Amino acid sequence: LFQNNDFLRNTVHRHEPPVTAQPIQILVEDDEVVVVDKPSSLPVHPCGRFRHNTVIFILGKERGLKELHTIHRLDRMTSGVLMFAKTVEVSQRIDEQVRQRQLEKEYVCRVVGEFPEHEVVCEEPILVVSYKVGVCRVDPKGKPCQTVFQRLSYNGRSSVVKCLPRTGRTHQIRVHLQYLGHPIVNDPIYNMEAWGPDRGKGGKIDKTDEELLKALVEEHCSRQSLDVLGIAEEDLSAGAGNKGCGDSSECTSAQAGLVNENSCPAEETGDPGRDAGDPKEKEAAACPLNCDTNLETLENSKELGLSGNRDGEMEEKSVEEKDPLCMECKISRRDPSPKELVMFLHALRYKGVGFEYCSKMPEWAMEDWEE
């Protein structure tokens, strides 16, 4: 029992998910704004399991740019043009342009297969399946949205497509491309087998939301790529999962500390006037999911110097594996390749009243590029 003047200290041991080492390039800096070319895998601001590996933190530490105001946001796996205001006045001025729909956004991506040559307009409503995992799908009960697509090139296997989002729903571009049967080539959520043989084309999933989420997590477990989803391994041991809230008003913040970076308002279309700006939505989180792989047992085995042989039995290792960057644990963590940390979706241009900011076309979007 605790008594008066007792002192309690709790030490939390965490590892941030890995991110690419690609530097943040500053495109424009003046008295009003800072515009950068954000690398893929970096969240915009600290949230979920990310603290140091964020655009805001790195700009403050390496460039001395403090107290920046977020104008719009990009999904963690999306690269490209990202704007920050240096003053509240500038932020409010651009926010007003967004509310008046005066901000034009142009993205480029590489998708599976031969995308139609003619202009394609997708207006399917989008529903959030899980705020925790950061998964959405097309659903009649979802929120209305519109994306315009135009093919730029086709190399025989994949197409480069220009995307013009007219609204700013969570994962709008990625979900609409999946619905059209042309998901982004390396999308770690919407181009997965968990969606079924057609991978969600035409909205055909044939799974409940709970089954879909479980299948997605299990697929990433098998690939040892949970960090791509932004899910902590300890989240998986907390009982059966259920889907996220379809409406932010129905969510609770009881597990707000477990919200991953996809739960934060950091979507590819980045509309500050959009629904993700709702404080309730920022805090909303679904219950943790189960995975058939018992990661907690696996890590404990590693700490004891054990590894599995081909027969599934545990054999003792002569040398303990230890993370050279961590004095607290003996877990050997897989270092992902740069390929795993990049998704082929890039914010190419943002244009408003009195400004237009562009970045270079990414290498993977060149007409003669081959994987």
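Cβ atoms are placed via backbone N, Cα and C, with glycine included.
What TrEMBL says about this one:
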DOMAIN    33-178  domain 'Pseudouridine synthase RsuA/RluA-like'
ACT_SITE  ASP75  active site
REGION    262-284  region 'Disordered'
COMPBIAS  271-284  compositional bias 'Basic and acidic residues'
REGION    298-319  region 'Disordered'
COMPBIAS  310-319  compositional bias 'Basic and acidic residues'
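Mean per-residue pLDDT, taken over the domain 'Pseudouridine synthase RsuA/RluA-like' (33-178), amounts to 94. The DSSP breakdown of the domain 'Pseudouridine synthase RsuA/RluA-like' (33-178), given as helix, strand and coil counts, is 28 helix, 55 strand, 63 coil. Here the Cβ of ASP75 (active site) has 27 other Cβ atoms within 10 Å, regardless of which shown protein chain they belong to.
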